Amino acid sequence: MGHFGPGAIKLAWFGLAYPCLVLQYVGQAIMVCVRPEGAANTFKNAVPDGMNMPMTVLAVLAAIIASQALITGLFTMFSQAYALNMVPRLKVLHTNPSQQGQVYIPEVNWALCAACIVISVIFKTSANLSNAYGIAVTCCFVITTCLLSVVLRRVWRWRWPAVLLLILPMLTVDVLVCSANLAKLLDNGWIPVLISAALCLVMHTHHWGRNHEEAIFAEEARAEVALMQEVAAEGNAGVGSQRMARPLDLTSVSTVHGLLHVLRSATLARTPTVAVFMTPYAWRVPRTVGTLATMGWLPEAVVLLSLKFEDTPFVYEAGRCTFVAQGEGVFNIVLHFGYAEPVTATRMGIHAALVSVALEKVEEYPMLAPLAEFEEVNQSALSADPVADRVRRRSSSQTVASAGATSPGAAAQVQARSDVEQGHELMQQRRRGATIVLNSLHYAPRPEHGALKRLRIRFYSFIRLNARKAISFFGLEDSYTMEISVVRFL
């Protein structure tokens, strides 16, 4: 129902669905009064003999429409649950760019298909599932009424007396009907209860794990800021020896400011390469940076790449990329995408965006030149190297300008020679290589945790392990991608 506006829903209900339902049930009631012996199957016995085949076709079409509504509603709910961090990473495809709610989720589609086949094989007839249907519908009534009370109070800002006046009569009827169906639990009524309990367990565990991770990150960031303020205060007081004796630990740095502080104060080897680290937020430094630092080196250029999905279907190319140079060889790149843009290598264009940044910023920041290597991912065969073309054009323009001058001086010749040398330097930087680094977290319980919490952490780790991998989710399945596993204690 969320795919349409309130006007369309009201028109469809009062103009078509409600009159048809009234006529249907009134017709069945009349048939039972006239022919009581047909009460066992009122719908089928109410159909005249000559209308059996047309009604069969109509029933099949109605079943298809109803199943499609169920599938679409399930896609929408899982899409919203993913946005709320209630379920693991899912691939959400928008079938209609103009409608944000019309989505397709492959994982949910195949899971629903498998569940339908298993239930059909086990229970064989719809009569065996009638009790399960009754439990599911009546419980849905109760849940919907409870959610309506939340909307009335929190969204529409109704006062409690008005909310209770509307909700209590509805909830009383729903609870009575639901309680009358509880006797069907042992007669196949446990199926929807079991499915609901399993989904609730997965969503609650994933939501708990994500919130626990965010709390750990927030605590680390606060501790990092406090330590930097303390070190700055000691530096202002003239305690220079303590400033070097109490540096931040690079292996546990979690913010960009902390990373810059460490790089300014520490003597760490920087290799002539570019590493693009995927991070959920522009200010957060992933654990993979600290993992590389434990080996005594870091790339010369550290690019923190984050993705942000906007509320619009598509994002214009002019506003696709946001670039910020933080200093000390650290750069922030934020790629903006619309909600309807598929997360694939060709449509998402992470490699193309990095190439664009390299071509635009290579003269100001030559260390970013290796990012142009990602052009090979987007094109199977390159007619010319993009950086080489840029360098050749720049060198050619300088040569023509020098040759056309009426009285070239020594300064102009030195400038032209400097430009050519810079071009060769850019080409050398281009050959040094670039890598996209992804973070693969493995969660482990602490020794002091109890059995229940250890089981919870293990289950959360199992959920994350079986979710869609970041490499395929972001379309980074190529030889330029490296995944580093990091153990995190929850």
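Glycine is no exception: its Cβ is also placed from the backbone N, Cα and C atoms.
A quick note: this is a predicted structure, and the numbers were derived from the prediction, not measured.
Taken straight from TrEMBL:
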COMPBIAS  401-412  compositional bias 'Low complexity'
DOMAIN    1-219  domain 'K+ potassium transporter integral membrane'
DOMAIN    272-484  domain 'K+ potassium transporter C-terminal'
REGION    388-413  region 'Disordered'
TRANSMEM  12-34  transmembrane segment
TRANSMEM  55-83  transmembrane segment
TRANSMEM  103-123  transmembrane segment
TRANSMEM  132-152  transmembrane segment
TRANSMEM  158-177  transmembrane segment
TRANSMEM  189-209  transmembrane segment
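Contact between the transmembrane segment (189-209) and the transmembrane segment (132-152) is supported by 3 or more Cβ pairs under 8 Å, counting only residues 6 or more apart in sequence.
For the transmembrane segment (12-34), same-chain residues at least 6 beyond its ends with a Cβ under 8 Å from one of its own Cβ atoms are 4, 42-43, 45-46. For the domain 'K+ potassium transporter C-terminal' (272-484), the model gives a mean pLDDT of 74.
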